[in-house]
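As written in TrEMBL, here are the features:
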- 44-498: domain 'Aldehyde dehydrogenase' (DOMAIN)
- E273: active site (ACT_SITE)
Amino acid sequence: MSARDQAALKSVPAAPATVAEEARAILSRLGVPDQVFAPAGRPATSPITGETIVHIRETTPEEAKAAIGRADAAFKAWRKLPAPKRGEFVRLIGEELRAAKDDLGRLVTLEAGKVTSEGLGEVQEMIDICDFAVGLSRQLYGLTIATERADHRMMETWHPLGVCGVISAFNFPVAVWSWNAALAFVCGDSVVWKPSEKTLLTALATQAIVERAAKRFGGVPEGLSEVLLGGREIGEILVEDHRVPVLSATGSTAMGRQVGPKLAARFARAILELGGNNAAIVAPSADLDLALRGIAFAAMGTAGQRCTTLRRLFVHDSVYDQLVPRLKKVYSGVKIGDPRAEGVLVGPLIDKSAFDGMERALDEARAAGGIVHGGGRYTDGACAEGYYARPALVEMPEQTGPVLRETFAPILYVMRYTDFDQVLEQHNAVGAGLSSSIFTLDMREAESFISVAGSDCGIANVNIGPSGAEIGGAFGGEKETGGGREAGSDSWKAYMRRATNTINYGKTLPLAQGVKFDVDA
Ligand code: NAD
């Protein structure tokens, strides 16, 4: 953590006025206009206390369609700007984010319930992807390819694609937008964002930050960055509109099952970032101190509400009785509470339905022979106002019932194993394929885990947990996680269209594959 972050953490008062008052003050400082608030609108609540912060006027279907139209027109102008100039706009967004980091990070905490360092970390991730995209704006390269024809040149060029739709989940209320938008902007696309209906405030604050950057840049076409406020009905408009050639949808696999076929039916490009059921293997040679820390963060961090949260843990029989009792101790001692308070590592669940889902999964686990440690509602002090849960560690006899699916809450299912090949099979025997890890000092096991016959996930780590990715790599997963990739590496290619160009600079017209087609000309 940087010195600046540490200072911000220290400056956070333990008990500020009310959550609502503090959030409203931040919205005002970040320049969110009052017109977006309406007494009869959708309530924006805080999971910390359950209180309503403001009511927000939702986007109507007509307004959503008009916004897509503006974005389409903006794209046609934006695509003509040289990419490094587009990068300058993203650089300014990064600058504005740096200036707003403390406020926006705090708003993430107030609206999504993340502990302070994670709220700030989310904004840092936005800054990081902006930096990445600025560099990328000078590296949108294609290949020159050897051609079989004399006096010819073959190459590929990358062109902007159009309006990029972004649908995002509540648990990364702003970072997911930035992974997509920073790339889309430098690639020459415009962006229409449908944030989670549970986190509209951070979306509005982000939009205000983008507008400040646009003002400084000058000449950003109106409609380059649009936000649609509402629930799934508004998201559906984005999914169904043929003016949106690429859509990145982050959320549950259930959402992906609805969105994916609709995009396929109109041949739009889909970047699906869906649910995970992530596992870790602790092998006999593992550094158990390191594994313990990695498991604790991956399983309990963000109150188990990360797509990459560790949900299944396979521990080798030979180290099970060393590791699991220590893990149970960590679970029973972890500090739960107001995510703004120093030392708290587990904040609230987003809402009642998340808590009920956790209770249901624990009941099912018990019925399947699981022994549950922890779990249940945490109501100490002011926590009674929100839905705080004690993280649960569940010792399971085998991988059955609720272990096979994602429950978006802090439940870690722990299972014994004896055979490496069998545990790899178990590891891959679930629907989702997002993130995975192995704790081992055995080079053969480590390499096998990330090899062709190893983990089938989009992310496979060695000696770190499955959560907490950085932006330099491509992020996403296989199978029911949807197959999409965002952020670093060559993810940018999804936001552009590729043209293969063949140029004949000779005086004859040789055909490929030796085909003859001689006409009298
Ligand atoms: P959710 O599926 O309930 O909602 C996600 C978004 O999709 C929201 O904006 C919602 O309004 C929209 N939506 C839902 N149905 C829609 C439809 N039919 N058409 C258009 N839009 C629709 O998810 P959530 O509860 O906000 O987030 C938690 C889920 O997201 C978990 O499953 C988690 O694993 C997943 N997630 C995945 C990633 C990833 O990168 N793979 C990242 C974060 C979260």
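Cβ atoms are placed via backbone N, Cα and C, with glycine included.
Counted within 10 Å of its Cβ, the other Cβ atoms near E273 (active site) come to 29, all protein chains included.
Following the DSSP three-state reduction, the secondary structure of E273 (active site) is strand.
Per-residue pLDDT, averaged along the domain 'Aldehyde dehydrogenase' (44-498), amounts to 98 for this model.
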